[in-house]
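*Asks:* Pasting the feature list from Swiss-Prot:
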- Ser473: active site, proton acceptor (ACT_SITE)
- Asp81, Asp123, Lys124, Glu447: Mg(2+) binding site (BINDING)
- Cys122, Cys195: [2Fe-2S] cluster binding site (BINDING)
- Lys124: N6-carboxylysine (MOD_RES)
Amino acid sequence: MAELRSNMITQGIDRAPHRSLLRAAGVKEEDFGKPFIAVCNSYIDIVPGHVHLQEFGKIVKEAIREAGGVPFEFNTIGVDDGIAMGHIGMRYSLPSREIIADSVETVVSAHWFDGMVCIPNCDKITPGMLMAAMRINIPTIFVSGGPMAAGRTSDGRKISLSSVFEGVGAYQAGKINENELQELEQFGCPTCGSCSGMFTANSMNCLSEALGLALPGNGTILATSPERKEFVRKSAAQLMETIRKDIKPRDIVTVKAIDNAFALDMALGGSTNTVLHTLALANEAGVEYSLERINEVAERVPHLAKLAPASDVFIEDLHEAGGVSAALNELSKKEGALHLDALTVTGKTLGETIAGHEVKDYDVIHPLDQPFTEKGGLAVLFGNLAPDGAIIKTGGVQNGITRHEGPAVVFDSQDEALDGIINRKVKEGDVVIIRYEGPKGGPGMPEMLAPTSQIVGMGLGPKVALITDGRFSGASRGLSIGHVSPEAAEGGPLAFVENGDHIIVDIEKRILDVQVPEEEWEKRKANWKGFEPKVKTGYLARYSKLVTSANTGGIMKI
């Protein structure tokens, strides 16, 4: 074991004042000289994925003490993307990731901890803590709060939060009545935990396993299961071993590890937000990773599992089928799909970790020779509409559609788009453009779950494409193309599109183009008046000035 970092505040005559303060915080004489462990929690009452994390913090601290460490718990902020959806609150969601990363870095660096247990769960909390872990680079393990159980209607049909969002669109289209919508509302979110489909939170918690920063089960053991509490205890104890072996996050998160994370993402059809967050993680880890490389991973990794919102299979079903380790083990049977020699938090390789984890239900995790598609569930599109890339969740596209052409229907905000969709300004075959909703323009790159849910609920899901410099909830599905870079607020091509322009989306060829004569296009660019920030004060104003486009992970300029 390396020399303890905490010696900086515990050892020597000149540290008597520091020890005096530590004694006041409950540190005993025999604790000096033991590893000081940061327990980075994200308990918060208003987020259902986090209401139970206070109990998990207690379990972690008990396990740390039993294993010979001294735990110190602190908390981060958190935003519930579902509750923040559809109003100004969503502008704060992605920016909260940076606050979380900064706050964790601040607390841990200021107090010279020797190791860290991160207890995240929902959308921006996990990536924020991951980013901080890369910056601090002390032995760290991730322990998510676990997924919510799927809801069930009175007829036994499994549902989730996305069912409720889509139910609103269905009700407004006259497809269901008020009682049916009320039933979806009552039963869509039956327990604590991260929402029950392969949405952003669960995607990131599963990717933490593939990255090697969490033990098997992190992404799939239900929040309310006794197995989850035992998992929390086991993970905390593992951290003490990781400290003894002096394994740090940057030893684990390499190009190979990020390839593995995206390979899992492709196999499970994870949220498009994983691209944004993993690119930000790579940046903090000092790893160069391009969007083109993501397409290379997609070319060699098949799509093996289709989960909600793309199907009626939920995270609980994935767990029963063997979880992430089983999916990775199945994937490992294809040569070159994974880097099996990648290091994990236990000191074992990924190959050693997943060995023997066989698939228990091939209806949930398809066998390698019977994939949903030969290519992975995410794709990066390029073209004159997205010179620096755009992301689509191919695993969420219905009916195997790979190409769409149609006229643009342009909206300058999500609110404007929602109004237009509800008032039938969008029809079959159209390409909806929602711009000025990127990291700078939004500000905060809000999720477009409400517009996509309206489109699906009104029966237009497979018949309309939606393109935005904003992003999508993991609960979104359909021909939803986000993260268009550079964004409109930066003078990206999306700013110059007009109603009726012919748009081409070709998933197979990875193309996103607009067909406008060059002379006309240059005229539009010359006439563009620039972007006026929507928010002039507070954190969002600072964020808007400092943030970069989605192709960099939406990170802040230094």
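From the backbone N, Cα and C atoms, a Cβ is placed for every residue, glycine too.
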*Asks:* Tally every other Cβ atom lying within 10 Å of the Cβ atom of Asp81 (Mg(2+) binding site).
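*Replies:* Summing over all protein chains shown, Asp81 (Mg(2+) binding site) has 29 other Cβ atoms within 10 Å.
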*Asks:* To test your reading of the Mg(2+) site: which residues beyond Asp81, Asp123, Lys124, Glu447, same chain only, put their Cβ within 8 Å of the Cβ centroid of those residues?
*Replies:* Val79, Ala84, Met90, Ser93, Leu94, Cys122, Thr200, Ala201, Asn273, Ser473
*Asks:* Give the three-state DSSP assignment (helix, strand or coil) for Glu447 (Mg(2+) binding site).
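*Replies:* Going by the DSSP assignment, Glu447 (Mg(2+) binding site) falls within a strand, counted as strand.
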*Asks:* With every protein chain in view, how many other Cβ atoms are within 10 Å of the Cβ of Asp123 (Mg(2+) binding site)?
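*Replies:* Around the Cβ of Asp123 (Mg(2+) binding site), 34 other Cβ atoms lie within 10 Å.
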*Asks:* Using a 10 Å radius around its CB, how many other CB atoms surround Glu447 (Mg(2+) binding site)?
*Replies:* 32
*Asks:* Just to be sure I understand: of Asp81, Cys122, Asp123, Lys124, Cys195, which binding-site residues have a C-alpha no more than 10 angstroms from the C-alpha of the residue listed as 'active site, proton acceptor'?
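*Replies:* Those near the residue listed as 'active site, proton acceptor' - Cα within 10 Å - are Asp81, Asp123, in sequence order.
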*Asks:* For the C-alpha pair, I'd like the distance in angstrom between Cys195 ([2Fe-2S] cluster binding site) and Asp81 (Mg(2+) binding site), rounded off.
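*Replies:* It is 11 Å, counting Cα to Cα.
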